[in-house]
Amino acid sequence: MSNKRPILSVENLTKVFGGVVAVDNVSFTVEEGEIFAVIGPNGAGKSTLFNMITGVLPSSSGNIYFQEKRLNRKKPYQIAQMGITRTFQNLEVFDNMTVIENVMTGAHITMKTNILTAGLRLPSVRNEEVKTMERAMEALEAVGISDLAYEIADRLPYGSQRLLEIARAAISNPKLILLDEPMAGLNSEESRQLVEVILKMREQGMTFLFVEHDMETVMSISDSIVVIDNGVKIGEGTPEEIYQNPQVVAAYLGDEEEEGVEAYA
Amino acid sequence: MNSKSLKLIYNNSILGPIILFAVLFCIPLVSSSNYLFSILTMIGFYALVCIGLTTLTGYAGQISLGHAAFYGIGAYSSAVLTSTYGLNPWIAIIIGALISAVVALIVGIPTFKLKGYYLALATLGFGIIVYTLFKEFSSITGGSNGFFGIPPISLFGYEFITDKSYFYLIWVFVFFAILFTRNIIHSRIGRGLRSIEGSEIAADAVGVNLMNYKLQIFVLSAIFASVSGSLLAHYVSFINPDLFVANTSIFFLIMVIMGGKGNIWGSIVGAAMYVLLDEILKHYVPLLLPNVGGQFEIVFFGILLVLTLIYMPDGLVPRFEKLMSKFKKKTPTNGALQSTISVNATGGDNK
């Protein structure tokens with residue numbers, strides 16, 4: 001725990017929609033090799049925060065640094081090229097492709113083929129295709145769905161589609177994978193499978209930042225947690241520390257009306 | 001073994017194209033009708049344009065209403081460079097293609113920054129501008145009177161003069177265009193393009209630079225149209241601006257949509273349908289309705305386009321493929337079969 005280096009720093013990040021402050025001056029630092037969770041009740045601003053880090057939404061103020069490089073104003077594809085990939089809460093598989101093509105598309109930024117070499121199908125292109133396919137197969141094995149490789153992606157069950165998204169996000173060897181509510185919509189068996197995959201990949205040195213509503217999973221797998229409520233950071237620490245934080249307990253167990261405040265993006 | 005698994009994803013067999021060309025190139029054995037060859041040659045010219053256009057429409061999701069302009073730039077480049085400046089026709093074709101590529105970049109860069117169907121509008125305007133330039137720069141292009149005396153193309157001393165020789169020439173181009181385009185589709189580039197259609201937000205998140213890919217395909221399709229136009233100029237030896245009006249662009253799009261956008265075979269079927277229907281119309285409409293003016297084709301094809309979009313939005317070839325697969329599915333299901341193959345393949349890869 002001691003010699004870890006910061007990989008992602010969020011500094012005083014704020015997002016204002018009209019008059020509503022969705023994310024208010026939030027700061028935290030994710031260190032290399034950890035599973036970092038951002039939690040909070042519905043409408044706390046988690047998704048807005050997530051969308052700012054992935055470049056989908058511009059921030060109103062504050063900074064995001066990834067390995068000392070500023071991410072603000074970078075486009076999503078540029079952020080991916082820097083080494084941050086992601087999965088989606090509402091599943092965004094390429095439904096017009098097979099499972100293995102989905103994963104091969106994830107390897108897009110690691111490939112060199114251009115339109116001319118592709119059209120002439122030079123031997124280098126062929127080799128790259130074969131290699132990418134093998135890597136894609138390995139990535140599918142790592143998440144345990146290699147038997148579905150040649151199915152059309154949207155025919156997969158929900159849980160498998162989420163695993164597919166993780167394989168797609170992991171194949172480019174990113175430095176950080178962002179998971180947007182990875183447990184949403186999964187049954188307990190699927191959740192268990194997903195947790196296993198995430199823990200295994202962390203062991204191999206992957207860093208994860210995830211936004212999650214489901215407290216139980218967060219507590220069981222995270223190394224560090226940030227809790228936000230109404231856009232404000234109300235707690236930070238290890239799962240044990242979070243359990244004992246009275247503000248967090250109040251936010252989660254306190255009045256239910258707050259659940260109605262939707263600042264969801 | 002690895003290439004075998006790659007075959008499970010992409011059918012790169014050249015059997016289809018070879019069969020098509022074997023059949024086509026057998027036609028001269030049974031017929032020597034110049035009329036037949038002139039029709040087949042025209043289908044080839046249009047098919048070459050449509051292969052590029054169908055990739056742009058079906059894979060990059062962009063509609064161009066200006067491809068007649070690239071067709072025309074190719075034709076006029078070849079005409080002027082060979083007749084006026086005496087350049088070798090092959091070099092003129094390449095220069096024409098380069099000009100078209102640069103022009104496509106100039107039109108594409110600003111328009112692809114905008115979302116939606118701005119390309120359709122921008123290319124429509126662009127097509128009209130180019131048509132006007134062909135007409136008004138009469139000192140270079142011959143203006144509305146047209147450009148006469150374009151020399152025939154030749155290769156290793158053989159001069160392409162007859163309909164039959166151009167029939168061979170254009171279809172060889174179409175053959176390589178099919179292979180080239182299919183190779184692109186079955187590669188990183190094709191996946192990048194298809195990912196845009198699958199989920200634009202996820203394509204962005206895996207690092208696909210959407211604008212860049214749309215632009216590349218636009219340029220490629222402009223080059224195909226330009227080469228086709230160049231060959232046309234040598235074939236007909238006389239061109240005028242009216243060959244490249246906005247209507248021609250619309251006809252190209254109709255061919256693509258009738259055949260099935262995003263389907264390479266569809267572009268050939270669409271081009272063939274158009275040319276054949278057009279011939280039939282030209283022959284029979286004046287017999288049935290002697291008072292009809294010259295613009296009845298656009299009305300007919302307009303109605304055909306609307307009917308296609310309502311009843312067969314995927315186009316002819318995909319519809320046919322669907323029927324075939326429905327027919328096959330009555331025997332063991334395709335999906336189950338595929339997955340057993342894949343289990344074997346993965347097992348084999350690892351041990």
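Glycine residues also receive a Cβ, built from the backbone N, Cα and C atoms like all the rest.
Per TrEMBL, the features are as follows:
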- B:12-30: transmembrane segment (TRANSMEM)
- B:36-56: transmembrane segment (TRANSMEM)
- B:68-85: transmembrane segment (TRANSMEM)
- B:91-109: transmembrane segment (TRANSMEM)
- B:116-134: transmembrane segment (TRANSMEM)
- B:166-185: transmembrane segment (TRANSMEM)
- B:217-238: transmembrane segment (TRANSMEM)
- B:250-276: transmembrane segment (TRANSMEM)
- B:288-312: transmembrane segment (TRANSMEM)
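Contact between the transmembrane segment (B:166-185) and the transmembrane segment (B:91-109) is not supported: fewer than 3 Cβ pairs lie under 8 Å, counting only residues 6 or more apart in sequence.
Taking residue pairs at least 6 apart in sequence, the transmembrane segment (B:12-30) and the transmembrane segment (B:217-238) share fewer than three C-beta contacts under 8 angstroms.
Residues 66, 69-70, 73-78, 81-82, 119, 122-123, 126, 214-215, 218-219, 221-223, 225-227, 229-231 of the same chain lie 6+ residues outside the transmembrane segment (B:91-109) yet bring a C-beta within less than 8 angstroms of a C-beta in it. By number of Cβ pairs under 8 Å, the transmembrane segment (B:36-56) is matched best by B:250-276 from the list B:68-85, B:116-134, B:250-276.
Sequence-remote contacts of a segment are chain residues at least 6 beyond its ends whose Cβ falls under 8 Å from one of its Cβ atoms, and for the transmembrane segment (B:250-276) they are 16, 20, 39, 42-44, 46-47, 49-51, 53-55, 57-59, 63-65, 67-68, 71, 174, 178, 181-182, 185, 225, 298, 301, 304-305, 308-309, 314-319.
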